[in-house]
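I have placed the structure first, in the form of structure tokens, so that the comments after it can refer back to it.
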Amino acid sequence: MSDENNKGVGTAVQGVGGPRDGRTAPGEQGTTLTTRQGHPVHDNQNSRTVGSRGPMTLENYQFIEKLSHFDRERIPERVVHARGVGAHGVFRATGKVGDEPVSKYTRAKLFQEDGKETPVFVRFSTVGHGTHSPETLRDPRGFAVKFYTEDGNWDLVGNNLKIFFIRDALKFPDLIHSQKPSPTTNIQSQERIFDFFAGSPEATHMITLLYSPWGIPASYRFMQGSGVNTYKWVNDQGEGVLVKYHWEPVQGVRNLTQMQADEVQATNFNHATQDLHDAIERGDFPQWDLFVQIMEDGEHPELDFDPLDDTKIWPREQFPWRHVGQMTLNRNPENVFAETEQAAFGTGVLVDGLDFSDDKMLQGRTFSYSDTQRYRVGPNYLQLPINAPKKHVATNQRDGQMAYRVDTFEGQDQRVNYEPSLLSGPKEAPRRAPEHTPRVEGNLVRAAIERPNPFGQAGMQYRNFADWERDELVSNLSGALAGVDKRIQDKMLEYFTAADADYGQRVREGIQAKEAEMKGQKQEAPVYGTEASSLY
């Protein structure tokens, strides 16, 4: 980092060195290997020992630094969305929402002008499995976008599917525990998964999507994205509307059947990462159009669902998709760890003109996402280049592990690390438009929403599938439920039947056929591989 970049950030890091620093010791080149202390390394092949066969010495600093850092290279992986791939790009606004001026609904600056460009970083991911798990597994896909706007960062953190399993974040730890491998075997268990779903009828819609071909996108380039939750837009008058965000790939949408996924996994379990990386390297830059759905703020009793329910889709015929811009990904990360893995997203990261709704899942995510970044990356994760906004930053937040700089402006009195102050320090920004002030009234309760309707849209989705998609859905669910506890089977069949009678009947028959097939097979444990010869 150059002196110029370090102006006003405190003497502790002014003039800090790095790989691109031109200052070298006598005899060094710009390519000379050094320790982290800047000492030239003259022998990186042999440890310092007493004679060529003797013991190593404790004062072998080069060895100790190298090995101790290696021991600490890994940070805790994300509890969800651990396997991911990232890319840089740009978002171009249209200045409109559909055919209307976007300013009618939001004052967010990144949307206001036709052709206005905002740099972005995107991270795609699987959800339930580990860092190096196959990308062909049946699992929702994460679709997180960090917009580096002139007003600071905006994170739009969503999934490929437009809905979620649950509508209250209180259930989120239990959901994820059920999806993760069993704590006794370290093997993912369909019985555990559906045991949770059997007590969560609101998950029926998401299950219907996940166990269809939409549960395995062919690759990230051919995948939709969605904000999932309900947000708000706020205009210059402080008026708010409810919004849903949708990403539509210009490349089209492609999914895998289970058989196709098995074939891909047999040859390449990094296929989605490789596909995105290679496409960008050859200049075939993937693009997504951003659409929003808009609804007046309110409870909307005329609908058979609550607009704040993230297990529901807003019907397009009532709430049409309106185009607001396009995103192009055009640059791969230089270092996966520094960028893709240390990238930290949060649903609470909004700019002026964008706001929260009372969506329970959104409010829970807003706490959890930023909290897990502080645990995973550290309290100063926002000072990392991939997470830092591309604009002025001045705070009174100080110290903490791995503090890289002090967030002071040039010329600030270093004694003043508080506000208000007459001496120095950052001052509050003037408000340029009225704040959105929705009125909320009611008793504090623990209660589900009044229009849960857990099966209506699941049935509509089942009937809307193409024949081959329905066949795939039934086959996948039958295979997953065959052999699990009959109480769980019965409850899930009750849900599928409530969604659509044909849906429930076909899954029931599929389970029976699968269990009959399993019963007819020998129950011997499989023996893998070919017997080996003796080694020399």
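Placement of Cβ uses the backbone N, Cα and C atoms for every residue, glycine included.
According to Swiss-Prot, the features are:
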ACT_SITE  His81  active site
ACT_SITE  Asn159  active site
BINDING   Tyr369  heme binding site
COMPBIAS  29-50  compositional bias 'Polar residues'
COMPBIAS  428-439  compositional bias 'Basic and acidic residues'
REGION    1-54  region 'Disordered'
REGION    419-439  region 'Disordered'
REGION    515-536  region 'Disordered'
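Swiss-Prot feature annotations superimposed on the structure.
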{"residue": "His81", "record": "active site", "CB count, 10 Å": "21"}
{"residue": "Asn159", "record": "active site", "CB count, 10 Å": "23"}
{"residue": "Tyr369", "record": "heme binding site", "CB count, 10 Å": "18"}
Secondary structure at the residue listed as 'heme binding site', reduced by DSSP to three states: helix
Secondary structure content, the region 'Disordered' (515-536) (per DSSP, counts of residues): 6 helix, 0 strand, 16 coil
DSSP-derived structure type at Asn159 (active site), helix or strand or else coil: strand
Rounded to the nearest Å - Cα separation of Asn159 (active site) and the residue listed as 'heme binding site': 14
Alpha-carbon distance [His81 (active site); the residue listed as 'heme binding site'] in Å: 11
